[in-house]
Amino acid sequence: MMNFRKDFKRWHRWLGVLSGVVFFFVALTGTLFVFADEAIDAVAGGARQVTVERGGQQLSIDSLMQCFRTTCSQRKPFYADVYRAKDRSFRVASSDTQGNDLAYTYLNPYTGEVIKISRSYNFFFTLAHLHAELLMGEWGKWIVAITALIFFFELLSGLILWLPRRWNAKSRASSFRIKRGKTWWTWAYNLHKVLGFYSLVPALVVTLTALIMSFGAITRVLQQALGGVDDPFAEAERYEPAAIAGRASLPLSVAVAKAFDKRPQAQQCRVSLWNSESGVYHLKVAAYIGLVSSRDGENLVLNKYTGEEIELPQPVKRAFVINEWLLRLHIGAWGGLVVKILMFIVGALLTSLPVTGLLLLIRHKGSK
């Protein structure tokens, strides 16, 4: 048993050395991303609301988009957010002509006037890509995926090393409580061991969801096991009609009204603007839609000429739901503010693990 624990400790230590820098960076960026939606709304400030004049009528979505294109002629819109509340501004997500410099533009829905342009979108989009692939493309994705795999082993081996050889009052106290200790390395050891244990369950959730989303083979197994399909986007496209040259499409306002009628409890509708060559409108209607996740949401595909909903097969719909829940579990966007606060704390604890691990390694090398 002693040799078994020594082997685990050796593997735990050196795999931590191998992945520590990348894991610290991934954990830190993930922690900062937890409150991305709240930060974006805070930066927008008063631009999120407008004064509703008595008897005032909102412009159509197509008219608002024309106002946006006139005012921001050098930018490419890719989606717009429409709100049920009459005092909410109209929001357009856009980029420059090269697909960079992402921004949210807030417009007064009654006048078409641009209220504010916020680059907070670009900051958190960049942060998300730092987290997912270190801004290194496919190579970065593989580095992060392998780091997640190593960290999964680190969690399991850490749990084995955490287990006391004997359960008594002293071992229970040292396993569940952080003691200052007489030396800095004792303090670092207690932090590493106890904080690692308390963050174990949410860390496993975050790591497992990361592995599922990172490795296509695991994603396919999960989708098939839960009755989904491998690639819901590709499958959905098979049921979408192509654009008809010369035929006028329904106004976007009509499509959004249909979406709100279908989900009376929804407060927000996101209209995709990226594919003008498609014969459909892609909409998401929900209680709240953030940067990458939503709450109580539903994806709708409407024929842009008739307004009829394109009915997708149940496995395709289920696959979209599975993907959405994987992301929500990963970023803590599934249980309101309390869960987000807990996820932020867990993220901070996980970020500390490679730091305390490095201190213990320095102590280990120095004691030889």
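Glycine residues also receive a Cβ, built from the backbone N, Cα and C atoms like all the rest.
Copied over from TrEMBL, here are the features:
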- 12-36: transmembrane segment (TRANSMEM)
- 142-163: transmembrane segment (TRANSMEM)
- 195-218: transmembrane segment (TRANSMEM)
- 337-362: transmembrane segment (TRANSMEM)
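Listed by sequence, the residues of this chain that lie at least six past the ends of the transmembrane segment (12-36) yet keep a Cβ under 8 A from its Cβ atoms are 124, 127-128, 130-131, 134, 143-144, 146-148, 150-151, 153-154, 157-158, 161, 206, 290-292, 331-332, 340, 343-344, 347-348, 350-351, 353-355, 357-358, 360-361, 364. For the transmembrane segment (337-362), the list of distant contacts is 13, 16-17, 20-21, 23-24, 27-28, 30-31, 34-35, 38, 184-185, 188-189, 191-192, 195-196, 198-199, 202-203, 206, 331: same-chain residues at least six beyond its ends, Cβ to Cβ under 8 Å. Within the same chain, residues 30, 141, 144-145, 148-149, 151-152, 155, 158-159, 162, 175-176, 178, 326-327, 329-330, 342-343, 346, 349-350, 352-353, 356 sit at least 6 positions outside the transmembrane segment (195-218) and bring their C-beta atoms closer than 8 Å to a C-beta of that stretch.
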